[in-house]
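The structure under discussion appears below in the form of C-alpha cells.
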Amino acid sequence: MKKHGVLNSEIAAVLASLGHTDTIVIADCGLPIPDGVKRIDLAVEIGKPSFLDVLQVVADDMAIEKVTLAEEVINNNAEVNKEIELKLIEPAFEYVSHEQFKEHTKKAKAIIRTGEATPYANVILHAGVIF
C-alpha cells in the first residue's frame, strides 16, 4: 500500500502517464465533461470532496508548469481564486473566458470531478518537468 501522495489509483495512473505540457482538469461538480475525455468522478455529495482539497493533493504530486483558469473566477469566486494563487506559487497563470476554458478541457488527459459547488472552481493544470 502507498504511504503518501495520491492514493486514488486512477489519479495516480494519470499523473504517472503525463508528459511535458499534457493537461489535467480539476473541476467542480457542474463543469461539463466532454465526450472522450477520461472522467475521474470523486464527488460523493455537495461539497465533498472540496475542490481545494483535491487540488492540494494533486499539486503536491505533480510538476505544474502553467495553470489555466476561467477569468470569471476573479469576480465570481475571489476566495477560491486567491486560494489557488496561494497553493500554486511557482507556475505561470493564464486566464481565459469560461467558454474558452471549456474548449481547452477537450484536450485534457483527464478531468477530476469534485463535489465542489461554487462558481468557476475549475483549473487546468499543465504538466511541467522535474528536471
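Heads up, residue numbers simply count up from 1 along the chain you see.
Quick reminder: no glycine exception, Cβ is built from N, Cα and C everywhere.
Taken from Swiss-Prot, the feature active site, proton donor covers HIS20. Cβ-based neighbour count (10 Å, all protein chains) for HIS20 (active site, proton donor) stands at 11.
As annotated by Swiss-Prot, substrate binding site applies to ASP28, HIS98, TYR120, ALA121, ASN122. Sequence-distant contacts of HIS98 (substrate binding site), defined as residues of its own chain at least six apart whose C-beta falls under 8 angstroms from its C-beta, comprise ALA70, GLU71, GLU72, TYR120. DSSP assigns HIS98 (substrate binding site) to a helix in the three-state reduction.
Separating the Cα atoms of ASP28 (substrate binding site) and HIS20 (active site, proton donor) is a whole-number distance of 25 Å.
Summarising the substrate site geometry, the residues cited as binding it (ASP28, HIS98, TYR120, ALA121, ASN122) extend over a maximum Cα to Cα distance of 13 Å.
Within the set of binding-site residues (TYR120, ALA121, ASN122), the lowest number of other Cβ atoms found within 10 Å of a Cβ is recorded at TYR120. Each residue in ALA27, GLY30, LEU31, LEU69, ALA70, GLU72, VAL73, ASN77, PHE101, THR118, PRO119 lies on the same chain as ASP28, HIS98, TYR120, ALA121, ASN122 and has a C-beta within 8 Å of the C-beta centroid of that substrate site, without being one of the site residues. Around the Cβ of ASP28 (substrate binding site), 21 further Cβ atoms fall within 10 Å across all displayed protein chains.
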